[in-house]
């Protein structure tokens, strides 16, 4: 897919890549929820050695706290997008890994999608590297495609089970789970 580098309009699930330029250079890749979430996605590398599968296969639209829910219910905004405060956006005095800590909202994203970026400095559990791989990005993966990825030697088995991603959020989905988190 050709991109002009402008990024996406939040809320959006992002697959991010920095492809190594020379022989032996590593690729860096991740799936990010820092700009919010709009659909489940997995990235499966192949042919690059022991490279990790990453993504978010859970339908966060169904479990999104009401204060983060996008107007049409088809996206879950990040706390930065919803509230704009420096501590949620890792800006100003919060623009360092030591000062910008996970919020209750990023913890919700991380709990549902442990291999995806949940806030700006979530590098340790969310950045993956590989050398010389091809990458398959699957949007709205089915449980069948996840099972075939895990049986072909990928690490998809370590991803959480998906909530049905093709059903729109329902009023009963607005669970009071945030205070119980």
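Quick reminder: no glycine exception, Cβ is built from N, Cα and C everywhere.
Matching 112-146, 147-181 against TrEMBL, the residues noted as region 'Disordered' span 147-181. Closest to residue 90 (disulfide bond) by Cα-Cα distance, out of the disulfide-bonded residues 56, 64, 80, 113, 130, is 80. DSSP assigns residue 64 (disulfide bond) to coil, not to a helix or a strand. Note: the Cα of residue 51 (disulfide bond) and the Cα of residue 100 (disulfide bond) are spaced 28 Å from each other. Cβ contacts within 10 Å of residue 113 (disulfide bond), excluding its own Cβ and spanning all protein chains shown: 25. Calculated from their C-alpha atoms, the gap between residue 80 (disulfide bond) and residue 130 (disulfide bond) amounts to 30 Å.
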